[in-house]
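What follows is a short report on a single structure.
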């Protein structure tokens, strides 16, 4: 530990040292007859100052160091003291192109660049990820082929079918050799591993392959030599080409620091066991000899260096194979694919780290599907697996016939799972025709999208296997993975998703879509409801203020009729013409109520002209009021179709829902994704009311009482539900919002994307999409249906419930009135009569007047004056 910290301190004290690839710097044992390490000149790189520090600090601890360039053989000739038993550590700066076979146990080497052993492991991981168990090999480097094949056999379990060695031929001779021996190229089997070739030599190989009449797409090409990201080019290279390269490589200084740390940790561990061997040299040059059976300090120290590992500046550092100091390396795997514009581009497929290949889920599945399509492009039609989701009118299902066939539509499977192994087994059994697939799994799929799929399969062309998505969802990011259609595409279970699949930004980041084949937007669906007439519905034609005004006017008119009659010399009063009948206030009220409600009972009429004129004015007033009331009564009593009035997605009822207002959408649909992204608070409220499918939401909207007040979904789906509603209770309201389109979903960089988009554009231009729309949408909407002329609106007893209640209240009120009449006659009237006050009631009621002015307590009539004829009541 002291040595490591002291070495790091020494880095800042030493002046910089210049360095070019190929320079070598050594540290050696103290006292050895070697040239002393020179001081670094000023103005040189700091990294080489670290090397100088190593020379100064590590040499006394019996180590030697050497920095060599790529391809240098200098490491095979260690200094004399290594031959005498001192351990040494070398760093190789260039790419290792041959396996290192070091005999000396004292020579430790650390590679800054990729070793051949590591490259073989990376290539084996790529081949195994593609499920390739054999490969052909093209060599462009002058290696010992037998040595490489031995390394390949030891490191991998993959079979080499053919080896084409171009390593000892320059470019013109290699080109001539390939043209003359075209049969050697034809003997290659896919995949082909091109090892040790730069891009120029690789382009030459691809060009000659094409000139030999072979299709590059018939092979799966892999560049076996690592490239830097800046070296990646697209010109002259075949689509689907795989390449890899090291990324995140540290500079030289961390490697030197880790080398010093390795030596210091080994010395510290050795000193703790045998300080005499670790710190005191047993030999200092080649002339020294050890006694028989004694272990040298160099061999003792090298044993501890071989067993040292730690996490350093370059990652995890450990010694492999006795003398190879291994540091962490990271590689990235690329594939040459087409982008959304159809241009070739390099796409990251995965990364190799910690000894294993980690794949980019969507991109790698796209590559695998390109591989399967290429394997089927040799003349046979490609066979694709298509996933769909039932959504009317785009996809319908019905049961298969007795023999398990579909006379119309396409046979599809509904196993309720997205397990590719289960689906493979089911489709294999279905293709064998042995009838072992359970009948409940078989469905007949038909609809707008199925017609489009059949047309594409005919024109592209391809064959397809169709199944319904297991979880019934479009797809969203849940619990660290994609569900539904998107999840099946990413996992490689399906090659294509065809249904009412909305194109949105979240999905477009992980999968590809074709150009839209159907344009739509989001809409809001509500239901109409017949307003049941409440008990007081018969009062609704007139406002309550009108009712108050009518009855106030009635009583005021009765009062003025009484006053006019009593003040007139011709009125029906005792002072008028001494009539037998008297027009009292009670008579006036009876007359006004009779005119208002059109009663035909007998009533007294005023005799004076003023009273009769006022009575006729009251009759005109009542006629107009009654006509207006009657005109509105039928509509109010029957009720009307009402609905939730929503102006659109920004309506306050949605953003600030009152108690009991419920609305929702389909789980993990584009509608939910839009609301979640644009209106988080609204989404949080409506989550409890979301439903699994569109038909479920429509059903909840139509139940009695309704479980939803509004349902938000794609307007194309809602319009269809409105058109097939037999009860005509559904309608869409508000302005459309969130314009979107339906597209066919494919894995990223799928070779089918551009082809399918091109055919869809042709179908639009040719009118085929319009024909599909007319076929599945040409229905008469409920809102435009014409009802029969003879159709009447009947009113039931519940419409007149208020009138029956009013009659019952009247009957109860009449009983109370009768009781009050008896109470007045038995209790109040005798008291008034005894006091002999307020005995003149003729202007109000003749009966009360006679009762107060006759001798008996009864209601018998008595003369009111000395006239021969007493007025009657």
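Every residue number used here counts from 1 along the chain in the order it is shown.
Glycine is no exception: its Cβ is also placed from the backbone N, Cα and C atoms.
Predicted automatically and left uncurated, TrEMBL annotations should be read as such.
These come from TrEMBL:
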- 1-44: region 'Disordered' (REGION)
- 438-491: domain 'Ionotropic glutamate receptor L-glutamate and glycine-binding' (DOMAIN)
- 502, 507, 670, 714: L-glutamate binding site (BINDING)
- 538-562: transmembrane segment (TRANSMEM)
- 582-601: transmembrane segment (TRANSMEM)
- 613-638: transmembrane segment (TRANSMEM)
- 676: site 'Interaction with the cone snail toxin Con-ikot-ikot' (SITE)
- 728-782: disulfide bond (DISULFID)
- 803-828: transmembrane segment (TRANSMEM)
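On the structure: features taken from TrEMBL.
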residue	record	DSSP (3 states)
502	L-glutamate binding site	strand
507	L-glutamate binding site	helix
670	L-glutamate binding site	helix
676	site 'Interaction with the cone snail toxin Con-ikot-ikot'	helix
714	L-glutamate binding site	strand
728	disulfide bond	coil
Note = Confidence over the domain 'Ionotropic glutamate receptor L-glutamate and glycine-binding' (438-491), expressed as mean pLDDT on the 0 to 100 scale, is 89
Remark   = Whole-number Å distance separating the Cα atoms of residue 728 (disulfide bond) and residue 714 (L-glutamate binding site) is 19
Key: For residue 502 (L-glutamate binding site), nearby residues of its own chain (Cβ under 8 Å, 6 or more apart in sequence)   = 474, 669, 670, 714, 740, 741, 742
Ask   = Can you give the largest Cα to Cα distance in Å, as a whole number, for the residues 502, 507, 670, 714 that bind L-glutamate in the record?
value = 17
Key: Alpha-carbon spacing, residue 676 (site 'Interaction with the cone snail toxin Con-ikot-ikot') to residue 507 (L-glutamate binding site), which is rounded to whole Å   = 14
Task = Taking the Cβ of residue 507 (L-glutamate binding site) as the reference point, list residues of the same chain whose Cβ is under 8 angstroms away and which are at least six residues distant in sequence.
result = 475, 486, 513, 745
Remark   = For residue 676 (site 'Interaction with the cone snail toxin Con-ikot-ikot'), the number of neighbouring Cβ atoms whose distance to its own Cβ is within 10 Å equals 17
Per-state residue totals over the domain 'Ionotropic glutamate receptor L-glutamate and glycine-binding' (438-491) - DSSP helix, strand, coil = 23 helix, 15 strand, 16 coil
Message = I'd like the number of other C-beta atoms within 10 A of the C-beta of residue 670 (L-glutamate binding site), please.
response = 26
Protein Cβ atoms within 10 Å of residue 728 (disulfide bond), excluding its own = 14
